[in-house]
Structure formats: structure tokens, C-alpha cells
């Protein structure tokens, strides 16, 4: 893999678009079988595909981006008051340079230029653990401008996660019922992102450095027209640009799914280079399933590592955290 390898446009040639309606709304077994095969092929080759027909209203997507812009337009000192470093369950604001998405074995790169903000399922303080607890809401934003549109979108994205997880299971030859316990109390972390314009000359610095996602399924919403996501295509040794299109989500598999499938399904390198000349917004939803589960896709796996243990280890590494880290 080379940071300077050629960059090509996707045009559905490398990373396919799959219509979820052909599986979930179809009465044709032929259509359902075709979707299952499309998912299987994409996961075997590079672990990335795009989806349409997902059921998330366009208006909810647009309100989500309006909320993003309202948040990140706040003065930096106000955003830092709700820093994720202040809360052991790690909700809230991430400033520029606070995360290094890139793992050192992928190369020597600077920390990410982006800003972020984590949201999750609302839980009371007496249930606090890593990834579990109350959300942290910016006090300067009205509920209708931020809290409500964000949580409305959160619930929509969570439902997409259930659909994609079912497709992964059936594409591996399992019945959907294998996920019954895994999806009962499924965890998902939503992350609002803002990337600055890529105006620097340092070749080791990116909006988000090349990395693989470490968890389960990522459901990425991109602000239409704000391109920047590039996916490494191993077979052709080049970067593939995935355009930001309205009402089309990018799905990719994380390291946890790759481990669960014994390396059969791929977790693939990707990066963000914001060439728009302005700010770029995106909202990934990291859908992990039951945090106390082990391997829902292989009942014969004898590993004792839980979802929570796996993602906590990876998260802490990216942010330079320990259980005691705080500002």
C-alpha cells in the first residue's frame, strides 16, 4: 500500500451500490439471493459497499447536517467545555489533533486534522461504563436545533445497522435468528465530523489518516457534494474515490468483523483528503451490537474477548487514553 498510489473514481466499478429494498421489501427470492451474493462478494473483496433504499428520510439526513454545522460553528472554547476527555464513558467533543486514526504499522503520519463529537444511547449515570452513559449536549444550542435532530437520525441509522448485520449473517450462511441475542441491546456510537480544507503541504497530515475502522459495521452519511473519502483497493493497488451522494450511505466492515470471520470478510484501509476548498461534514455511525457479546457470527469461536473489551482497547489507543485520563 502506498500513500502516493494513483487515485481513481469509483463509478460503481470497484465498490458496488446495493438496494436494500431488493432484500427487505422484495417478494422475489431471486432478488433476495442477488442481494445476498452482492454483499458476500463486496465483503470478501474489500469490505466496502454503498446502500440505497435504506429507509432513512432525506429530511432527517439534512437536519443532521444542519445540526453538525451548528455545533462546529461554536467557538472552540465552548466546544472544549464538553470534551470527551472529561467523561469516562467518552461522549462529547474531540478537537483537531486529538485522534490518530492511523495505526503506526500503516505508516508514520500526523494526528488527524478533523473535529468530532460522540453521541450514543442515552443511559443514566448509575449505568456508566465505557461507551455507556448520558449524552453531553452543547448548552448553547436549542434542543430543536441539535438534540432532537441528532437523536432522530441516531435511531434511523441504528435500524440500518440491524439490516446490514442481518445481511452479513445470511451471506455467511447463517439464519437471521443467530443474531437474536446480539441485537437485543445493540450499541451504536454516532460521530459528527468536520474536516478543514486540505491546504497544508505536509504529506504526513490528513483530515483522517489511512486506517481501518476497529469495530463492527460503519454506516457513513456524507454531506452531498463534499467528496474526500478514499478507499484502498488491494487488487489494483490504488485509492478509489467514493463520492458524497445524497441518500446513499457507505457501509464498511471493521476489524472486529474481520476477526469474527477469521479474515474472510475484510476490514479495509481508507482515508479522507478534503479537496473541496471548504469545510467537509460527515457522520459515521459505528454499530457494534451487544457490548457483552463475543462472536455472533461464529458459534464455535472460543475467544473470551467481548465487543466492549475489543473496541475499548482500540479506542483508547487512538486517543492516547487510559481509564484515568481526564482534563
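From the backbone N, Cα and C atoms, a Cβ is placed for every residue, glycine too.
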_Listed in Swiss-Prot for the Fe cation site shared with 211, 213, one of 147, 156, 270_ = 270
*Other than its own, how many Cβ atoms are within 10 Å of the Cβ belonging to residue 211 (Fe cation binding site)?*
22
*Do any residues at least six apart in sequence from residue 213 (Fe cation binding site), in the same chain, have a Cβ closer than 8 Å to its Cβ, and if so which, in order?*
252, 253, 254, 255, 267, 284, 286
_Pairwise Cα distance for residue 280 (2-oxoglutarate binding site)/residue 270 (Fe cation binding site) [Å, integer]_ = 16
